[in-house]
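Residues or ranges marked as active site by Swiss-Prot on the basis of similarity to another entry: HIS5. Per Swiss-Prot, the feature Mg(2+) binding site maps to GLU25, ASP27, ASP85; the stated evidence is similarity to another entry. Annotation source Swiss-Prot lists active site, nucleophile at HIS41, citing similarity to another entry. If you look up Swiss-Prot, you'll see CYS45-CYS51, CYS47-CYS190 marked as disulfide bond, on the strength of similarity to another entry.
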Amino acid sequence: WIMGHMVNAIEQVDEFLNLGANAIEFDIDFDKDGIAQITHHGIPCDCGRKCTKKAIFTEYLDNIRQVTTPDDPKLREQLVLLALDLKLQRISSAKAYRAGEDVAKKLLDHYWQRGNSRARAYILLNIPLVEDYEFIRAFKDTLKNEGYESYNDKVGINFTGNEDLDKIRDVLEILGIHKQVWQADGITSCFARGTERLKEALEKRDTPGYSYINKVYAWTLVRKSIMRRSLRLGVDGVMSNNPDRVIKVLKEKEFADKFRLATYNDNPWEKFRG
């Protein structure tokens, strides 16, 4: 999975897909009451990027629904995963539950259209810190209460704050989540980051019977040398400002026979058995 990073304006979707991404990450900004308003990162952000691009969240969902719906004129078949980077750290933890309700309802109304949409992308909920786990509870409660619990099959969980992996596991246990879990490891492209935690996540992913990590990705990679390092370690995905660079690295002799781009037929919740 090549995840285009910070794809917050509607016109950027095609831009990143044209560069080779098969997944996109966009930032969800909330008001003080936990209501999702816009797709927007804000300052500061990655080096060399404009941080201020934005869209109305519901309008963004309306567009991305078309881009991921078979037979729609806007369909881009390669786009199979949507990562929602939830900016919960900007609001009170007491509002995390309300935020989860709101995002679930907006996805129901504007993406899935309560069963009337054929939009097919998988959804990854990126939670910044384990203290905001009530967002996940609320999201699942809302799908159940609204009568659309089946959409849980399309939704995965990912904690992005580089916290202790055992602490993350404990929170997942509290929530009763034992599947459909990704684990991110990374830092803004402005800085270097070691591989200790990334290696630990990969080791847990590959441990037989360990159900709290199905996929691991590294972010935000812009240098080919770091992309190569991550691929050698065996990541499932890379988040990048430059998907075209990832494509070029994947075509190199060292990687061409070991990796390929994920398609809709690849289940993002299953561990890869090479």
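The backbone N, Cα and C atoms fix where each Cβ goes, and this holds for glycine too.
The Cβ of the residue listed as 'active site' lies under 8 Å from the Cβ of GLU25, ASP46, TRP219, THR220, MET239, SER240, ASN241, each of which sits 6+ residues away along the same chain.
Comparing Cα positions, CYS45 (disulfide bond) lies closest to CYS190 out of the recorded positions ASP27, ASP85, CYS190.
Highest local Cβ density among the disulfide-bonded residues CYS45, CYS47, CYS51, CYS190 belongs to CYS45, counted as other Cβ atoms within 10 Å over all protein chains shown.
ASP85 (Mg(2+) binding site) is surrounded by 25 other CB atoms, counting those within 10 A of its CB over all protein chains shown. Among the recorded positions HIS41, ASP85, CYS190, the ones whose Cα sits within 10 Å of the Cα of CYS51 (disulfide bond) are HIS41.
Residues GLU25, ASP27, ASP85 make up the record's Mg(2+) site, and a Cβ search at 8 Å around their centroid adds HIS5, MET6, VAL7, ASN8, PHE26, ILE28, THR39, HIS41, ALA83, LEU84, LEU86, LYS87, ASN126 from the same chain. In this structure the C-alpha atoms belonging to CYS47 (disulfide bond) and ASP85 (Mg(2+) binding site) are separated by 18 Å.
For HIS41 (active site, nucleophile), the number of other Cβ atoms no farther than 10 Å from its own Cβ, over all displayed protein chains, is 21.
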